[in-house]
Structures are given as C-alpha cells and as structure tokens.
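Please read the structure below before turning to the comments.
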Amino acid sequence: MDIEVALTRANVLEFNKATMARFLHRINRYIHDIVKLYHCASLDDLVHQAIREEAQQKRRLTLRKSYPNGPNNWKAKEKEKESPRKEKSLKKGSSIPKGHKEERMLPSPVLHPNEDGTTNSDSSKIDSLSNNDSEASYEYSPDEEGDLLMVTLKPLSPKEVNEDQIKMKLRREEEKNTRRRKKKMRKKKEKRT
C-alpha cells in the first residue's frame, strides 16, 4: 500500500508485476525464496507475506539463541567429544609450526606511563594469572625465538566468577582512590609553591 501511494505521488506509472518484481529483488534472499513459492496477486499480498516470513525468521533465530542446549546443538557436542584436540608438547630444539605461534604465545608486557613519569608493565598481571589458585597447568619449552610458556586455565564456576568480579571491582576502586589522593597531593604542592 505504501509503495503504491509513493508511486502515485511521484507520478510514476508502472505495472503491478514490475513493482512486485522490484520489491522481491530488494528483500532478504531467504525471504525472497520463500515468498516466491506463494502466488501473490497484488502488491499488498506480497508485502504482507514478506512481513510474515520475516517475523517467522526472527522467531526462529531467537529460539536458537534462547535454547543453546536444544537438540540441534547436541550433535555438535557429540562430535567434539569424539575427536578431542590433541595437545602436543614440543621437543627440545624444535620450533612451533608456522601459523601456530600466535595461539600458544602469551602477550608481551606492555609499558604504561604513569603521571609521575614512571612506567607500569602488564607482566605483573600475567604473573598473577599464572600464580592463581585455579589449578592452572603449564608447560615450559625452549624456543629459537625466545622462551615459550603455555598456560591452560580451567573454567571458573559462577560463584568463582562472581567473587573474581567483586575483587576486580574493589581493586579498581582502590586504584581510583589512590589516583585521587595523588591528584589532591599535587594540587596542595602546587598551592604551596
């Protein structure tokens, strides 16, 4: 209906079939294929059918997202259990195959400048991850380009995740308070001078 009104306002004379074909050409390919199966006599029927199919498609997508453990996903989990990925340890003097280095290397420490001119590195964060009480397993292997440390962490339970988030929140608040105190002290020093 809206298309017909727009065409009338623009004084465009076009056959109904041509308008329907143009509409069909511009919609989602999946919906286009389904709507094409139905015989639509008018443009209104075609638009309503396309809207109906689009709504059904959205419902299907939300169902898949809301039920991740549904029967469709069982097959994928069975396949994962059947063929587990083999972890190979490197022998002394061997190197990692090309393309696999990125998967197994830890990020290098990044230096962050502080306001007072000193720098902090992320290496302490990496150390705290590897020294965690979460039963992490690691393997040390020498490499031609440097040392390589592979860390495998176990997944956290929801309770542990919540505790970790609380700790991180407290740590951020402490850092924020420390920055505020330093800023106040700088302002006091500036006022004295």
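Placed from the backbone N, Cα and C atoms, the Cβ positions cover glycine too.
As written in TrEMBL, here are the features:
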REGION    61-193  region 'Disordered'
COMPBIAS  75-87  compositional bias 'Basic and acidic residues'
COMPBIAS  116-135  compositional bias 'Polar residues'
COMPBIAS  160-177  compositional bias 'Basic and acidic residues'
COMPBIAS  178-193  compositional bias 'Basic residues'
Helix, strand and coil counts within the compositional bias 'Basic residues' (178-193) (DSSP): 15 helix, 0 strand, 1 coil
Helix, strand and coil totals (DSSP H, G, I; E, B; other) for the compositional bias 'Basic and acidic residues' (160-177): 18 helix, 0 strand, 0 coil
